[in-house]
Amino acid sequence: MHSLLRRTSISLVRHSHFHLRRQFKVYTNSRNIHAMGSAKDFADQSDINRMKTEADGSFKRADASFRNTIQKGGRFEPEKYRYHLYVSYACPWATRTLIVRKLKGLEEIIPVTVVSPHMGDSGWPFADVDAFPGADADPVEGARHVKDLYFRAQSDYSGRFTVPVLWDKTLHTIVNNESSEIIRIFNSAFDHLVPPEKAAIDIYPQELRAQIDEVNAWVYDTVNNGVYKSGFARTQTAYEAAVRPLFASLDRLEKMLEGKQYLIGDVLTEADIRLFVTIIRFDPVYVGHFKCNIRTIRGGYPAINKWMKTLYWTHPAFKDTTNFEHIKTHYYWSHPMVNPTRVVPVGPIPDIEPL
Ligand SMILES: N[C@@H](CCC(=O)N[C@@H](CS)C(=O)NCC(=O)O)C(=O)O
């Protein structure tokens, strides 16, 4: 049944869910989703708790699979309403794309759909499967989980079912699922379709590119991904090999931000955006859940804290795309290998301090 299913359309995928529901007893309520067995399941691909670590217990992030761009004359033309963005508010990588979408005035041109933060054994569910406040049903393809989109795009897809997903409604496929590339697409591909003041915003200016690339490289490895490497480590050695460089990089960032409003030059660049999405989650989640507790941001890094608070409280693109309810619920609920009780801590109070 499954090889047929994987070769056919999303309607069959939906039908098969229905089928599985009757045949194998699928329990669904707003907080808990459990499929009790299936003929062939994709849980090795969709269930983060079944994800394998390396032989030494360290976590290695797999590369994204769909890496197309949007450009005039290409397969994916920059057109109004042709593209759709799927995100989780919980996910730092997806939130990068939400921030840039808002900064560049693309909200009308590229609508967005938000998944539920409860990433379970079938991966990210939409609101018709798990009606969490702020989550949406999929209005485009009628997918019930993000994995349905991946199989719609490529019936033999064998990677992970990650967000963000930039979807093409014309060709019914994924344009790109790598946030660092999606934000560069958003930075320039639609400039002829937005007001001039939005087109003028450039988060990757030519003259700062070398510096931005240099900072992005170590911030990605030790900070953005460093928190995951700490939290998903299965051995003491692998954990310490991640958490110590993470805090060495925070010390370095603290020095870079002393007396400065932005990381590079005196303008907002993608380096700020890429760092912000990790720092805003740090005290509420990474300190506790991922054991990144050598220091907190609010207690140990005054310059980083001020930079974060200024971005959050003065730029709607940062505040309006931050949802602490989704962030905290997602991490503490979705990784029972890290937090088996799924209890979500109450603090810190407040999630972010006033300016
Ligand atoms: N390289 C990707 C990473 C995206 C990613 O790992 N997203 C996570 C959520 S924060 C996800 O969807 N994980 C689901 C899974 O691995 O099953 C990007 O930056 O876009």
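Cβ from N, Cα, C; glycine included.
Features of the protein shown, as given by TrEMBL:
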type     : residues                                               : note
ACT_SITE : CYS91                                                  : active site, nucleophile
BINDING  : TRP124, ARG160, PHE161, THR162, VAL163, GLU178, SER179 : glutathione binding site
DOMAIN   : 205-331                                                : domain 'GST C-terminal'
ACT_SITE : TYR228                                                 : active site, proton donor/acceptor
SITE     : TYR286                                                 : site 'Lowers pKa of active site Cys'
SITE     : TYR331                                                 : site 'Lowers pKa of active site Cys'
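Residue density at SER179 (glutathione binding site): 27 other Cβ atoms are found within 10 A of its Cβ, drawing on all protein chains shown. Proximity of the recorded positions (CYS91, ARG160, THR162, TYR228, TYR331) to ligand 1: a Cβ under 6 Å from the molecule is found for CYS91, ARG160, THR162. The maximum pairwise C-alpha distance among TRP124, ARG160, PHE161, THR162, VAL163, GLU178, SER179, the residues recorded as binding glutathione, is 17 Å.
Taking the Cβ of the residue listed as 'active site, proton donor/acceptor' as centre and 10 Å as the limit, one finds 17 other Cβ atoms among all the protein chains shown.
When the domain 'GST C-terminal' (205-331) is classified with DSSP, helix, strand and coil residues number 95 helix, 0 strand, 32 coil. Cβ crowding, taken as the number of other Cβ atoms within 10 Å, peaks at TRP124 among the recorded positions CYS91, TRP124, THR162, TYR286, TYR331. Taken together, the residues of the domain 'GST C-terminal' (205-331) have an average pLDDT of 98. Note on GLU178 (glutathione binding site): other Cβ atoms within 10 Å of its Cβ, all shown chains, come to 19. Rounded to a whole number, the C-alpha distance linking GLU178 (glutathione binding site) with the residue listed as 'active site, nucleophile' is 13 angstrom. Counting other C-beta atoms within 10 Å of each candidate's C-beta, the binding-site residues ARG160, PHE161, VAL163 are led by VAL163. A gap of 8 Å separates the Cα atoms of CYS91 (active site, nucleophile) and VAL163 (glutathione binding site).
Inclusion criterion for the recorded positions ARG160, THR162, TYR286: a C-alpha placed within 10 angstroms of the C-alpha of TYR228 (active site, proton donor/acceptor); this criterion is met by TYR286.
TRP124 (glutathione binding site) and TYR286 (site 'Lowers pKa of active site Cys') have their C-alpha atoms 20 Å apart, to the nearest angstrom.
In this structure, the CA atom of THR162 (glutathione binding site) is 15 Å away from the CA atom of TYR331 (site 'Lowers pKa of active site Cys'). When the alpha carbons of TYR286 (site 'Lowers pKa of active site Cys') and ARG160 (glutathione binding site) are compared, the span between them is 22 angstrom.
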